[in-house]
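Only one structure is covered here, and it is reproduced in the block below.
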Amino acid sequence: MYTSNNACSVPTSFWLTGIPGLESLHIWLSIPFGFMYLLALVGNITILAVIKMERSLHQPMYFFLCMLAVIDLVLSTSTMPKLLTIFWFGARNIGLDSCLAQMFFIHCFATVESGIFLAMAYDRYVAICDPLHHTSVLTHAVVGRLGMAALLRGILYIGPLPLLIRLRLPLYRTRIIAHSYCEHMAVVTLACGDTRVNNLYGMGIGFLVLILDSLAITASYVMIFKAVLGLATHDARFKTLGTCSSHICAILVFYIPIAISSLTHRFGHHVPPHIHILLANLYLLIPPILNPVVYAVRTKQIRKRLLHILKAETRPR
């Protein structure tokens, strides 16, 4: 059903363009994107399996890592299967409800991931600044509550985004979304009528999540570095900081692509549209790919367990 009202219409579905301007290369782009999605699936499922099998890894930091792995699986799966169907079959059509659901999952779980990084920063702060009470403060129940709080925060923050679109913006100038997935602003900019509430709410959530979370994480690491500098020897300082290295790398992998994509979108007016869309897809793919690699390389227990599994698989029977 598509009802006309002046130049605006009521859509029941939208049309995703994929990577605009690179339509002739879609089949070739599907190769690296499909490979990256496969890497994200294998890497995160492997991390979940290793932590489940290795009882010595049943600690707060690794429980948070499991949460990250699940979030990364949801984030990549929210976008990549649809993108690959666009590349392979030209299946660009997406229903209105499916579009809003995809929007919710992308923005919600990106918010949840930021919350988990904040919880992990708190875990590192307690482990280094108050090590004697780490196990009593970060119990399994507390870790579960922190994970649930991050999830509920994501739902409360992002839940209104699709609702505001559904309730306030029924009419659209076009149903063609110049994007490969239903990103919030990509949909809102197509709408007829007053979009100020949607724009302000989206910017407010971006500020609450990205700016405040990153400031809180930075504050925790300032206190951690102060505690580390107070240690007696260089070896002790290096070893203590080593326990934070994986978390710091994962934070940078998460926030830097988002910052680059956001800055390019807002200020890079001369950047071609396909660069914007490629960056927007990569910031949903890079963390799911690199997080398992970072933790496998930087965490001795995970690395040892993986090597043990690989040796057992290659051993002659």
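Numbering starts at 1 and runs along the chain as displayed.
A Cβ is built for glycine as well, from the same backbone N, Cα and C atoms used for every other residue.
Taken from TrEMBL, the feature domain 'G-protein coupled receptors family 1 profile' covers 43-295.
The feature transmembrane segment is assigned by TrEMBL to 25-50 (among others).
Annotation source TrEMBL lists transmembrane segment at 62-80 (among others).
Annotation source TrEMBL lists transmembrane segment at 100-122 (among others).
Taken from TrEMBL, the feature transmembrane segment covers 142-165 (among others). Below 8 angstroms of C-beta separation, residues 60, 63-64, 67, 100-101, 103-104, 107-109, 111-112, 115-116, 118-119, 122-123, 184, 187-188, 191, 197-198, 201-202, 205, 208-209 of the same chain, each at least six residues beyond the ends of the transmembrane segment (142-165), sit close to that stretch.
Feature annotation from TrEMBL assigns transmembrane segment to 205-229 (among others).
Through the fold, the transmembrane segment (241-263) approaches residues 61, 68, 110, 113-114, 117, 120-121, 124, 127-128, 206, 210, 214, 217, 221, 224, 228, 276, 279-280, 282-283, 286-287, 290-291, 294-295, 298-299 of its own chain, all at least 6 residues removed from its boundaries and within a Cβ separation under 8 Å. Marked as transmembrane segment by TrEMBL: 241-263 (among others).
Beyond the transmembrane segment (275-297), the same-chain residues lying 6 or more positions past its ends with a Cβ under 8 Å from any Cβ of the stretch are 19-20, 33, 36-37, 39-40, 43-44, 46-47, 65, 68-69, 72-73, 75-76, 78-80, 83, 106, 110, 113, 178-181, 183, 246, 249-250, 253-254, 257-258, 260-261, 264-265, 268, 303, 306. Annotation source TrEMBL lists transmembrane segment at 275-297 (among others).
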Within-chain partners of the transmembrane segment (62-80) [C-beta distance under 8 Å, separation at least 6 from its ends]: 33-34, 37, 40-41, 44-45, 47-48, 51, 102, 105-106, 109-110, 112-113, 116, 119-120, 123, 140, 143, 146-147, 150, 180-181, 250, 281, 284-285, 287-288, 291-292, 295, 302
Averaged pLDDT score, the domain 'G-protein coupled receptors family 1 profile' (43-295): 89
